[in-house]
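Written below as structure tokens is the structure these notes are about.
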Amino acid sequence: MTQDELKRATARAAVDYITPKLEADSIVGVGTGSTANFFIDYLAEIKGLFDGTVASSEASAERLKAHGIPVYDLNSVDGIQFYIDGADEANPALQLIKGGGAALTREKIVAACSDEFVCIADESKWVPILGEFPLPVEVIPMARSFVARELVKLGGDPVYRQGVTTDNGNVILDVHNLKITEPRALEEAINNITGVVTNGIFALRPADLMLLGTTAGVKTFSAQ
Ligand code: 5RP
């Protein structure tokens, strides 16, 4: 199977997972990226079963609206029942690296508001230790060089993602060569650097469930 077929299978599994649990007033949080896009396309098939969505990016909001699925401002909803999103890396504790699509800050906000965070990913994302994928860090533009120097002190090699502005008007530094053995501590340490908006480690609020698309079928993991 191709990587896209695995992504499609895990997206289908996510819709199958939430369908019997949805109620007429349910709000679904929707992530960003190619796997999330497959999820949006399948979600359209059941759009009559829930109230609407909150999107983690302008791109996902546009795709949802194109399907006729309501998209709400996060401030106008009381809560989010499920958050469904992809990942760049995931470990067996369901701690993640996210932000390959530069949407990490809104993704982290929506995840924080959600009762249940279901991660959907193909098996190439499953790793024993996070950090092979360069860690995205969203930074206030004027703090870029300062934050980069601070990230070097933490052992990383930050690279400015040229030509990318986030939905929040900020820039991204991708930090190479981090071996993330203590994800929660590093998430906190990077977030404490002045000028950082947030970083792509999702360990303080990991996923609750992983639907991993593999050549042997979609495997389900709960946080250990
Ligand atoms: C976007 C993300 C995505 O979830 C992550 O990059 C995975 O993307 P894809 O599903 O295209 O592999 O964090 O900011």
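Cβ atoms here come from the backbone N, Cα and C positions, even for glycine.
Between the candidates Lys21, Lys47, Lys65, Lys125, TrEMBL assigns the substrate site shared with Thr32, Gly33, Ser34, Thr35, Asp85, Gly86, Ala87, Asp88, Lys98, Gly99, Gly100, Gly101 to Lys125.
In the structure shown, across all protein chains, Thr32 is the one of the binding-site residues Thr32, Ser34 with the greatest number of other Cβ atoms within 10 Å. There are 31 other CB atoms within 10 A of the CB of Glu107 (active site, proton acceptor), with all protein chains counted. When Cβ atoms from all protein chains are considered, those within 10 Å of Ala87 (substrate binding site) total 29, not counting its own.
Other residues of the chain with a Cβ within 8 Å of the Cβ centroid of Thr32, Gly33, Ser34, Thr35, Asp85, Gly86, Ala87, Asp88, Lys98, Gly99, Gly100, Gly101, Lys125, the substrate site, are Gly31, Ala36, Ala103, Glu107, Ala121. With respect to their backbone Cα atoms, Asp85 (substrate binding site) and Glu107 (active site, proton acceptor) stand 8 Å from each other.
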